[in-house]
Amino acid sequence: MVKKITNNDLNEAKKGVAVVDFSAVWCGPCQMLAPVMEELSEELSGKAEFYNADSDENMGLAQEYRIVSIPAVIVLKDGVEVARTVGFQPKDAMRSFIEEHLN
């Protein structure tokens, strides 16, 4: 399950691997990516926590992570960014991107 960020707070993502999808409701590619992220959150359950942050509602968080284009997916390990990708990617490509950082 993808957890929704509502208060500019990623404190839950400080332990282990977290995948954060920055998006917005008006963004077509973001809406295409949402079901991909939901499926991956189920398939990779127990290996990574998945979050969604609406960059309009969480401007402080988007600024903190220097999000300039969406969708942007960042991978955090113990709260530190280790990877980032921008734009829609098909499920297999997104899965490979995330799995590179699970060890």
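The count begins at 1 with the first shown residue.
Placement of Cβ uses the backbone N, Cα and C atoms for every residue, glycine included.
Annotated in TrEMBL:
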- 1-103: domain 'Thioredoxin' (DOMAIN)
- D21: site 'Deprotonates C-terminal active site Cys' (SITE)
- C27-C30: disulfide bond (DISULFID)
- C27: active site, nucleophile (ACT_SITE)
- G28: site 'Contributes to redox potential value' (SITE)
- P29: site 'Contributes to redox potential value' (SITE)
- C30: active site, nucleophile (ACT_SITE)
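Shown here: features listed in TrEMBL, placed on the structure.
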residue: D21; record: site 'Deprotonates C-terminal active site Cys'; Cβ contacts under 8 Å, 6 or more apart: V2, C30, L33, A34, M37, F50, Y51, N52, A53, P71, A72, V73
residue: C27; record: disulfide bond; Cβ contacts under 8 Å, 6 or more apart: I70, P71
residue: G28; record: site 'Contributes to redox potential value'; Cβ contacts under 8 Å, 6 or more apart: none
residue: P29; record: site 'Contributes to redox potential value'; Cβ contacts under 8 Å, 6 or more apart: I70, P71, G87, F88
Taking DSSP helix as H, G and I and strand as E and B, the domain 'Thioredoxin' (1-103) has 35 helix, 30 strand, 38 coil
Row C30 (disulfide bond), column other C-beta within 10 angstroms, all chains, value 22
